Amino acid sequence: MVDYSKWKNIEISDDEDETHPNIDTPSLFRWRHQARVERMAEAEKEKEELKKKRQSFQARLMDVKERISKKEGDEAALKLELEKIENEGKALDREENELLKKEKKMPWNVDTISKPGFEKTVINTKPARSADENLTEEEREQRMKQFVKKNEQLCKQYGMLRKYDDSKRFLQQHVELVCEETANYLVIWSINLEMEKKHDLMAHVAHQCICMQYILELAKQLDRDPRACFSSFFSKIQQCDPEYRAQFESEIEGFKERIQKRAQEKLQEIIAEVEEEEKRERLGPGGLDPADVFESLPDELKACFESRDVEQLQKIIATMPVEEAKYHMKRCVDSGLWVPNAADATQEDDETEAKADNAADTAKPKATEDATEKDKSKSGKEEPIYSGVSTNDLD
(Lines of atoms letter the chains of each structure in order from A; the text may use other names.)
(Lines give C-alpha, C1' and ligand atoms only; values in the text may rest on other atoms or scores of the structure.)
Protein backbone atom coordinates (compact mmCIF):
# COMPACT_ATOMS: atom_id res chain seq x y z
CA MET A 1 0.00 0.00 0.00
CA VAL A 2 1.35 3.41 -0.96
CA ASP A 3 1.88 5.94 1.82
CA TYR A 4 0.69 9.38 0.72
CA SER A 5 1.13 11.06 4.11
CA LYS A 6 4.34 12.77 3.04
CA TRP A 7 2.35 14.84 0.60
CA LYS A 8 0.09 16.32 3.32
CA ASN A 9 2.62 18.77 4.71
CA ILE A 10 3.78 20.93 1.78
CA GLU A 11 4.64 24.59 2.32
CA ILE A 12 3.44 26.88 -0.47
CA SER A 13 3.69 30.63 -0.06
CA ASP A 14 0.51 31.47 -2.01
CA ASP A 15 -1.62 28.50 -0.94
CA GLU A 16 -4.57 30.50 0.39
CA ASP A 17 -7.60 31.45 -1.59
CA GLU A 18 -9.06 33.84 0.98
CA THR A 19 -7.33 36.18 3.44
CA HIS A 20 -8.51 38.85 5.89
CA PRO A 21 -9.67 42.02 4.15
CA ASN A 22 -7.29 44.13 6.22
CA ILE A 23 -4.25 42.06 5.09
CA ASP A 24 -2.55 42.75 1.78
CA THR A 25 -2.52 39.29 0.14
CA PRO A 26 0.51 39.85 -2.21
CA SER A 27 2.52 41.20 0.72
CA LEU A 28 1.58 38.17 2.82
CA PHE A 29 2.67 35.77 0.12
CA ARG A 30 5.90 37.72 -0.32
CA TRP A 31 6.68 37.63 3.44
CA ARG A 32 6.03 33.91 3.61
CA HIS A 33 8.29 33.33 0.67
CA GLN A 34 11.02 35.49 2.20
CA ALA A 35 10.77 33.60 5.51
CA ARG A 36 11.04 30.26 3.74
CA VAL A 37 14.09 31.40 1.76
CA GLU A 38 15.79 32.64 4.97
CA ARG A 39 15.11 29.33 6.77
CA MET A 40 16.56 27.41 3.84
CA ALA A 41 19.64 29.66 3.78
CA GLU A 42 20.15 29.14 7.53
CA ALA A 43 19.84 25.36 7.15
CA GLU A 44 22.34 25.43 4.29
CA LYS A 45 24.74 27.44 6.43
CA GLU A 46 24.51 24.86 9.22
CA LYS A 47 25.33 22.14 6.68
CA GLU A 48 28.40 24.00 5.47
CA GLU A 49 29.66 24.55 9.03
CA LEU A 50 29.15 20.90 9.88
CA LYS A 51 30.98 19.91 6.70
CA LYS A 52 33.97 22.09 7.61
CA LYS A 53 34.04 20.63 11.15
CA ARG A 54 33.98 17.12 9.67
CA GLN A 55 36.93 17.93 7.35
CA SER A 56 38.92 19.43 10.26
CA PHE A 57 38.17 16.40 12.42
CA GLN A 58 39.34 13.98 9.70
CA ALA A 59 42.58 15.88 9.17
CA ARG A 60 43.42 16.03 12.91
CA LEU A 61 42.55 12.37 13.40
CA MET A 62 44.82 11.24 10.55
CA ASP A 63 47.64 13.45 11.80
CA VAL A 64 47.53 12.05 15.35
CA LYS A 65 47.33 8.46 14.12
CA GLU A 66 50.29 9.01 11.85
CA ARG A 67 52.37 10.52 14.68
CA ILE A 68 51.51 7.58 16.94
CA SER A 69 52.51 5.07 14.26
CA LYS A 70 55.84 6.88 13.75
CA LYS A 71 56.32 7.27 17.51
CA GLU A 72 56.84 11.01 17.31
CA GLY A 73 56.51 12.87 20.66
CA ASP A 74 55.05 11.68 23.97
CA GLU A 75 52.98 8.57 23.37
CA ALA A 76 50.69 9.11 26.39
CA ALA A 77 49.93 12.71 25.36
CA LEU A 78 49.21 11.56 21.80
CA LYS A 79 46.78 8.89 23.04
CA LEU A 80 44.96 11.47 25.20
CA GLU A 81 44.71 13.77 22.18
CA LEU A 82 43.44 10.91 20.02
CA GLU A 83 40.75 10.09 22.60
CA LYS A 84 39.71 13.74 22.70
CA ILE A 85 39.45 13.89 18.88
CA GLU A 86 37.38 10.69 18.81
CA ASN A 87 34.96 12.18 21.34
CA GLU A 88 34.67 15.23 19.09
CA GLY A 89 33.86 12.88 16.22
CA LYS A 90 31.05 11.29 18.21
CA ALA A 91 29.67 14.76 18.98
CA LEU A 92 29.79 15.57 15.25
CA ASP A 93 27.86 12.39 14.50
CA ARG A 94 25.14 13.36 16.99
CA GLU A 95 24.98 16.87 15.56
CA GLU A 96 24.70 15.47 12.01
CA ASN A 97 21.88 13.11 13.02
CA GLU A 98 19.97 15.96 14.67
CA LEU A 99 20.36 18.05 11.50
CA LEU A 100 19.00 15.19 9.37
CA LYS A 101 16.00 14.81 11.70
CA LYS A 102 15.37 18.52 11.53
CA GLU A 103 15.43 18.42 7.72
CA LYS A 104 12.94 15.55 7.65
CA LYS A 105 10.53 17.48 9.86
CA MET A 106 10.71 20.55 7.65
CA PRO A 107 7.74 20.78 5.22
CA TRP A 108 8.39 20.36 1.54
CA ASN A 109 8.31 23.37 -0.72
CA VAL A 110 8.74 24.08 -4.39
CA ASP A 111 12.55 23.93 -4.08
CA THR A 112 12.80 20.70 -2.07
CA ILE A 113 9.86 18.65 -3.30
CA SER A 114 11.92 17.15 -6.10
CA LYS A 115 15.41 17.13 -7.55
CA PRO A 116 16.45 16.57 -11.16
CA GLY A 117 17.78 13.10 -11.82
CA PHE A 118 20.00 14.39 -14.62
CA GLU A 119 20.37 17.52 -16.67
CA LYS A 120 21.17 17.63 -20.37
CA THR A 121 20.89 20.44 -22.87
CA VAL A 122 20.89 19.69 -26.60
CA ILE A 123 21.10 22.55 -29.06
CA ASN A 124 20.56 21.70 -32.70
CA THR A 125 23.09 23.50 -34.84
CA LYS A 126 23.41 23.26 -38.57
CA PRO A 127 26.54 21.43 -39.76
CA ALA A 128 29.23 23.67 -41.12
CA ARG A 129 29.73 23.60 -44.88
CA SER A 130 32.98 22.10 -46.08
CA ALA A 131 35.49 24.60 -47.42
CA ASP A 132 35.75 23.17 -50.95
CA GLU A 133 36.17 26.62 -52.47
CA ASN A 134 39.72 26.88 -51.16
CA LEU A 135 40.96 23.72 -52.89
CA THR A 136 43.25 23.94 -55.91
CA GLU A 137 42.55 22.10 -59.17
CA GLU A 138 45.16 19.45 -58.33
CA GLU A 139 43.63 18.89 -54.90
CA ARG A 140 40.14 18.63 -56.41
CA GLU A 141 41.33 16.10 -58.96
CA GLN A 142 43.10 14.01 -56.34
CA ARG A 143 40.04 14.15 -54.08
CA MET A 144 37.81 13.05 -56.97
CA LYS A 145 40.07 10.08 -57.75
CA GLN A 146 40.05 8.92 -54.14
CA PHE A 147 36.27 9.30 -53.93
CA VAL A 148 35.66 7.29 -57.11
CA LYS A 149 38.07 4.57 -56.01
CA LYS A 150 36.24 4.21 -52.70
CA ASN A 151 32.58 4.79 -53.68
CA GLU A 152 32.23 3.93 -57.38
CA GLN A 153 29.96 0.94 -56.80
CA LEU A 154 27.74 2.90 -54.39
CA CYS A 155 27.43 5.74 -56.92
CA LYS A 156 26.34 3.27 -59.58
CA GLN A 157 23.78 1.76 -57.23
CA TYR A 158 22.35 5.22 -56.53
CA GLY A 159 22.34 6.04 -60.25
CA MET A 160 20.24 2.95 -61.00
CA LEU A 161 17.49 3.89 -58.51
CA ARG A 162 14.31 5.55 -59.72
CA LYS A 163 11.80 5.97 -56.88
CA TYR A 164 12.32 8.96 -54.60
CA ASP A 165 11.72 6.92 -51.45
CA ASP A 166 14.36 4.39 -52.50
CA SER A 167 16.85 7.16 -53.23
CA LYS A 168 16.14 8.84 -49.89
CA ARG A 169 16.54 5.57 -48.00
CA PHE A 170 19.77 4.74 -49.84
CA LEU A 171 21.31 8.15 -49.10
CA GLN A 172 20.30 7.85 -45.45
CA GLN A 173 22.35 4.65 -45.33
CA HIS A 174 25.26 6.23 -47.25
CA VAL A 175 25.30 9.94 -46.36
CA GLU A 176 28.87 10.24 -47.66
CA LEU A 177 27.44 10.17 -51.20
CA VAL A 178 25.63 13.49 -50.72
CA CYS A 179 28.42 15.61 -52.17
CA GLU A 180 29.62 17.26 -55.35
CA GLU A 181 31.85 14.31 -56.28
CA THR A 182 28.80 12.06 -56.72
CA ALA A 183 27.18 14.56 -59.09
CA ASN A 184 30.42 14.84 -61.10
CA TYR A 185 30.71 11.06 -61.35
CA LEU A 186 27.11 10.75 -62.57
CA VAL A 187 27.77 13.39 -65.25
CA ILE A 188 30.81 11.48 -66.53
CA TRP A 189 28.91 8.20 -66.42
CA SER A 190 26.03 9.74 -68.39
CA ILE A 191 28.41 10.94 -71.11
CA ASN A 192 30.01 7.50 -71.38
CA LEU A 193 26.60 5.82 -71.64
CA GLU A 194 25.55 8.20 -74.41
CA MET A 195 28.80 7.50 -76.27
CA GLU A 196 27.97 3.78 -76.01
CA LYS A 197 24.52 4.49 -77.54
CA LYS A 198 22.73 3.45 -74.31
CA HIS A 199 20.23 6.29 -74.48
CA ASP A 200 17.60 4.93 -72.07
CA LEU A 201 20.13 4.15 -69.37
CA MET A 202 21.70 7.58 -69.84
CA ALA A 203 18.31 9.22 -69.28
CA HIS A 204 17.85 7.15 -66.12
CA VAL A 205 21.21 8.22 -64.67
CA ALA A 206 20.62 11.83 -65.75
CA HIS A 207 17.47 11.95 -63.57
CA GLN A 208 19.46 10.88 -60.49
CA CYS A 209 22.21 13.36 -61.34
CA ILE A 210 19.73 16.26 -61.48
CA CYS A 211 18.31 15.17 -58.10
CA MET A 212 21.79 15.35 -56.58
CA GLN A 213 22.44 18.75 -58.16
CA TYR A 214 19.14 20.06 -56.76
CA ILE A 215 20.18 18.87 -53.29
CA LEU A 216 23.53 20.64 -53.60
CA GLU A 217 21.87 23.83 -54.82
CA LEU A 218 19.38 23.73 -51.94
CA ALA A 219 22.23 23.34 -49.44
CA LYS A 220 24.03 26.28 -51.02
CA GLN A 221 20.97 28.52 -50.77
CA LEU A 222 20.38 27.59 -47.12
CA ASP A 223 24.12 27.70 -46.31
CA ARG A 224 23.92 24.24 -44.80
CA ASP A 225 25.67 20.94 -45.25
CA PRO A 226 24.11 18.92 -48.14
CA ARG A 227 23.72 15.92 -45.85
CA ALA A 228 21.14 17.90 -43.87
CA CYS A 229 19.11 18.83 -46.98
CA PHE A 230 18.51 15.69 -49.04
CA SER A 231 15.58 14.53 -46.89
CA SER A 232 13.82 17.89 -47.35
CA PHE A 233 14.36 17.74 -51.12
CA PHE A 234 12.80 14.29 -51.53
CA SER A 235 9.83 15.30 -49.38
CA LYS A 236 9.34 18.46 -51.42
CA ILE A 237 9.70 16.86 -54.86
CA GLN A 238 6.95 14.34 -54.08
CA GLN A 239 4.51 17.04 -52.90
CA CYS A 240 5.51 19.92 -55.15
CA ASP A 241 3.18 22.08 -57.23
CA PRO A 242 2.91 21.59 -61.01
CA GLU A 243 5.10 24.60 -61.72
CA TYR A 244 8.01 23.24 -59.68
CA ARG A 245 7.56 19.81 -61.26
CA ALA A 246 7.62 21.30 -64.75
CA GLN A 247 10.80 23.19 -63.94
CA PHE A 248 12.40 20.01 -62.63
CA GLU A 249 11.47 18.03 -65.74
CA SER A 250 12.68 20.86 -67.98
CA GLU A 251 16.04 20.81 -66.20
CA ILE A 252 16.33 17.07 -66.82
CA GLU A 253 15.60 17.48 -70.55
CA GLY A 254 18.12 20.29 -70.86
CA PHE A 255 20.72 18.20 -69.07
CA LYS A 256 20.14 15.26 -71.43
CA GLU A 257 20.57 17.55 -74.45
CA ARG A 258 23.87 18.85 -73.05
CA ILE A 259 25.00 15.27 -72.41
CA GLN A 260 24.20 14.26 -76.00
CA LYS A 261 26.04 17.27 -77.38
CA ARG A 262 29.08 16.62 -75.21
CA ALA A 263 29.08 12.92 -76.16
CA GLN A 264 29.15 13.84 -79.86
CA GLU A 265 32.01 16.26 -79.26
CA LYS A 266 34.01 13.60 -77.39
CA LEU A 267 33.39 11.09 -80.20
CA GLN A 268 34.67 13.62 -82.73
CA GLU A 269 37.71 14.26 -80.54
CA ILE A 270 38.42 10.53 -80.34
CA ILE A 271 38.07 10.11 -84.10
CA ALA A 272 40.36 13.08 -84.67
CA GLU A 273 42.95 11.62 -82.28
CA VAL A 274 42.83 8.24 -84.07
CA GLU A 275 43.22 9.89 -87.46
CA GLU A 276 46.07 12.00 -86.18
CA GLU A 277 47.80 8.91 -84.78
CA GLU A 278 47.37 7.07 -88.08
CA LYS A 279 48.70 10.08 -89.92
CA ARG A 280 51.78 10.21 -87.70
CA GLU A 281 52.41 6.54 -88.39
CA ARG A 282 52.10 7.15 -92.15
CA LEU A 283 54.53 10.07 -92.22
CA GLY A 284 57.53 9.60 -94.44
CA PRO A 285 61.18 10.39 -93.69
CA GLY A 286 60.58 14.06 -94.53
CA GLY A 287 57.54 14.38 -92.27
CA LEU A 288 54.92 14.46 -95.08
CA ASP A 289 51.78 12.35 -95.27
CA PRO A 290 51.90 10.09 -98.37
CA ALA A 291 48.10 10.28 -98.76
CA ASP A 292 48.17 14.09 -98.90
CA VAL A 293 51.12 14.09 -101.27
CA PHE A 294 49.46 11.52 -103.54
CA GLU A 295 46.31 13.63 -103.80
CA SER A 296 48.38 16.69 -104.75
CA LEU A 297 50.14 14.93 -107.66
CA PRO A 298 49.07 15.41 -111.27
CA ASP A 299 46.85 12.71 -112.72
CA GLU A 300 49.67 11.32 -114.87
CA LEU A 301 51.92 10.76 -111.86
CA LYS A 302 49.01 9.28 -109.88
CA ALA A 303 48.45 6.71 -112.60
CA CYS A 304 52.15 5.76 -112.57
CA PHE A 305 52.16 5.25 -108.79
CA GLU A 306 48.94 3.27 -108.91
CA SER A 307 50.26 0.97 -111.66
CA ARG A 308 53.82 1.00 -110.22
CA ASP A 309 55.18 1.67 -113.68
CA VAL A 310 58.67 3.07 -113.09
CA GLU A 311 59.52 3.54 -116.77
CA GLN A 312 56.35 5.51 -117.44
CA LEU A 313 57.04 7.60 -114.33
CA GLN A 314 60.52 8.47 -115.61
CA LYS A 315 59.13 9.45 -119.01
CA ILE A 316 56.54 11.75 -117.50
CA ILE A 317 59.11 13.35 -115.18
CA ALA A 318 61.36 13.98 -118.19
CA THR A 319 58.57 15.82 -120.00
CA MET A 320 57.71 18.04 -117.06
CA PRO A 321 59.41 21.38 -116.29
CA VAL A 322 62.49 20.93 -114.13
CA GLU A 323 61.25 22.93 -111.14
CA GLU A 324 57.87 21.23 -111.13
CA ALA A 325 59.46 17.80 -111.44
CA LYS A 326 61.86 18.55 -108.57
CA TYR A 327 58.99 19.80 -106.44
CA HIS A 328 56.84 16.72 -106.92
CA MET A 329 59.69 14.22 -106.61
CA LYS A 330 61.02 15.86 -103.45
CA ARG A 331 57.58 15.63 -101.88
CA CYS A 332 57.32 11.99 -102.98
CA VAL A 333 60.68 11.24 -101.34
CA ASP A 334 59.80 13.10 -98.10
CA SER A 335 56.50 11.24 -97.84
CA GLY A 336 57.97 7.81 -98.64
CA LEU A 337 56.08 7.34 -101.89
CA TRP A 338 59.39 7.17 -103.75
CA VAL A 339 62.55 5.60 -102.31
CA PRO A 340 65.62 6.72 -104.26
CA ASN A 341 68.32 4.09 -105.02
CA ALA A 342 66.05 1.32 -103.76
CA ALA A 343 67.75 -1.31 -105.97
CA ASP A 344 71.24 -0.37 -104.73
CA ALA A 345 70.08 -0.50 -101.15
CA THR A 346 68.59 -3.96 -101.70
CA GLN A 347 71.82 -5.20 -103.30
CA GLU A 348 73.90 -3.84 -100.42
CA ASP A 349 71.64 -5.58 -97.92
CA ASP A 350 72.01 -8.89 -99.80
CA GLU A 351 75.81 -8.58 -99.85
CA THR A 352 75.91 -7.78 -96.15
CA GLU A 353 73.76 -10.82 -95.37
CA ALA A 354 76.03 -13.08 -97.53
CA LYS A 355 79.16 -11.88 -95.74
CA ALA A 356 77.57 -12.61 -92.38
CA ASP A 357 76.68 -16.14 -93.51
CA ASN A 358 80.26 -16.78 -94.77
CA ALA A 359 81.73 -15.55 -91.51
CA ALA A 360 79.43 -17.78 -89.45
CA ASP A 361 80.25 -20.89 -91.49
CA THR A 362 84.05 -20.42 -91.55
CA ALA A 363 84.32 -19.61 -87.86
CA LYS A 364 83.74 -23.20 -86.66
CA PRO A 365 85.08 -24.42 -83.32
CA LYS A 366 88.44 -26.14 -83.22
CA ALA A 367 86.93 -29.27 -81.70
CA THR A 368 84.83 -29.74 -84.81
CA GLU A 369 87.95 -29.52 -87.02
CA ASP A 370 89.74 -32.08 -84.86
CA ALA A 371 86.80 -34.43 -85.05
CA THR A 372 86.81 -34.06 -88.85
CA GLU A 373 90.55 -34.88 -89.07
CA LYS A 374 90.01 -38.01 -86.98
CA ASP A 375 87.15 -39.13 -89.23
CA LYS A 376 89.36 -38.63 -92.31
CA SER A 377 92.21 -40.66 -90.83
CA LYS A 378 89.84 -43.50 -89.93
CA SER A 379 88.18 -43.71 -93.31
CA GLY A 380 91.30 -42.99 -95.31
CA LYS A 381 89.23 -40.80 -97.53
CA GLU A 382 89.23 -36.98 -97.54
CA GLU A 383 85.79 -35.40 -97.08
CA PRO A 384 84.96 -32.20 -99.03
CA ILE A 385 84.87 -28.97 -97.07
CA TYR A 386 81.74 -26.82 -97.74
CA SER A 387 82.01 -23.12 -97.40
CA GLY A 388 79.08 -20.74 -96.83
CA VAL A 389 76.68 -20.39 -99.74
CA SER A 390 75.78 -16.86 -100.83
CA THR A 391 72.96 -15.52 -102.93
CA ASN A 392 75.42 -15.07 -105.80
CA ASP A 393 76.07 -18.85 -105.80
CA LEU A 394 72.38 -19.54 -105.94
CA ASP A 395 72.06 -17.30 -108.96
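Even glycines carry a Cβ here, placed using N, Cα and C.
As annotated in TrEMBL, region 'Disordered' covers the listed stretch 1-25 rather than the other ranges in 1-25, 26-50, 151-175, 251-275.
Mean pLDDT of the predicted structure over the domain 'Cdc37 N-terminal' (1-121): 80.
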